[in-house]
Amino acid sequence: MVTLTFIRHGQSTDNVKKVWAGWKDAPLSNHGMKQATALGRWFSEKGIRFTAILSSPLDRAATTAEAILEHQPEPKPPHIKSTLLREQHFGIAEGKPWATRKDPNLSLEDHFAQGMFPSPPKRSDRFPGGESRDDLAARAEQAINELLLPYFWGAEGENQGPIHVAVVSHGLFIREIVDALYRREWGRERMLENYRGLSNTGWTRVVVTLKGTQYTTSSPKLSVRITAVNEREHLDNLVRQKGGIAGLAHDPRQKDIRGFFAGKP
């Protein structure tokens with residue numbers, strides 16, 4: 001049995017701006033760093049110890065993963081970054097504001113020419129130069145095969161202790177990979193149409209076991225059970241800073257400067 005905890009990154013500066021942010025590498029905001037730190041502490045206080053922490057290499061996810069890692073006990077688990085865990089790529093829409101609605105009198109191309117970027121209506125649609133949701137689903141399948149299956153197979157070995165893997169990624173990608181895991185059990189085209197996604201640093205937990213000893217197949221059947229969705233207890237006592245400071249980019253040097261002026265040895 002393998003426990004997977006899928007974690008969305010903390011609030012980024014692009015989340016504050018409400019722009020299309022896929023591969024655009026925005027940092028965590030000050031509030032996002034507080035969210036990530038609160039989550040790392042909460043896992044530690046609850047005695048949750050990870051076998052490994054996998055993350056997207058994009059700054060907002062990797063920094064969230066590092067905040068979790070900081071609060072893990074020694075020996076600390078490995079932090080493994082993979083481009084397979086990145087968010088959907090939005091092509092020419094990257095960094096552009098969302099369009100809340102589409103003008104029925106304009107083609108998508110006309111929208112783009114006027115600087116409007118409504119959400120592509122179909123799963124097979126994409127912004128020019130970007131990925132469709134179907135492309136994202138295919139990448140999620142690849143991530144299962146290359147990153148997660150080794151843990152599933154390892155869990156079948158004799159005298160194997162509990163395996164708990166944290167996956168720190170992005171909202172749309174997490175939805176697709178959880179959906180892909182469910183397809184491994186049920187074989188249906190779509191499984192989680194009502195899945196509402198994750199808040200910043202919200203986490204969803206999935207327990208996975210192999211169905212039988214299928215070491216020879218690259219796509220073994222799985223038993224998949226969701227045990228938690230968008231958990232946010234770690235944010236209960238978190239206070240957002242006032243005056244716009246919370247939405248500014250987090251500067252890791254600030255901690256060192258505060259320590260210096262506090263006269264710490």
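Numbers here mean position along the shown chain, with the first residue as 1.
Glycine too: its Cβ is placed from the backbone N, Cα and C atoms.
Straight from TrEMBL, the features:
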ACT_SITE  His9  active site, tele-phosphohistidine intermediate
ACT_SITE  Glu87  active site, proton donor/acceptor
BINDING   Arg8, His9, Gly10, Gln11, Ser12, Thr13, Asp14, Asn15, Arg60  substrate binding site
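On the structure: features taken from TrEMBL.
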{"residue": "Arg8", "record": "substrate binding site", "CB count, 10 Å": "27"}
{"residue": "His9", "record": "active site, tele-phosphohistidine intermediate", "CB count, 10 Å": "29"}
{"residue": "Gly10", "record": "substrate binding site", "CB count, 10 Å": "28"}
{"residue": "Ser12", "record": "substrate binding site", "CB count, 10 Å": "28"}
{"residue": "Asp14", "record": "substrate binding site", "CB count, 10 Å": "19"}
{"residue": "Arg60", "record": "substrate binding site", "CB count, 10 Å": "31"}
{"residue": "Glu87", "record": "active site, proton donor/acceptor", "CB count, 10 Å": "24"}
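Separating the Cα atoms of His9 (active site, tele-phosphohistidine intermediate) and Arg60 (substrate binding site) is a whole-number distance of 6 Å. Reduced to three states, the DSSP call for Ser12 (substrate binding site) is strand.
Spacing of Ser12 (substrate binding site) relative to Glu87 (active site, proton donor/acceptor) is 13 Å (Cα to Cα, whole number). Cβ proximity to the substrate site centre (mean Cβ of Arg8, His9, Gly10, Gln11, Ser12, Thr13, Asp14, Asn15, Arg60, cutoff 8 Å) flags the following additional same-chain residues: Ala21, Ala26, Leu28, Ser29, Gly32, Asn200. The separation of Glu87 (active site, proton donor/acceptor) from Arg8 (substrate binding site), Cα to Cα, is 10 Å. The closest partner of Glu87 (active site, proton donor/acceptor) among the binding-site residues, by CA position, is Arg60; the full candidate set was Gly10, Asp14, Arg60.
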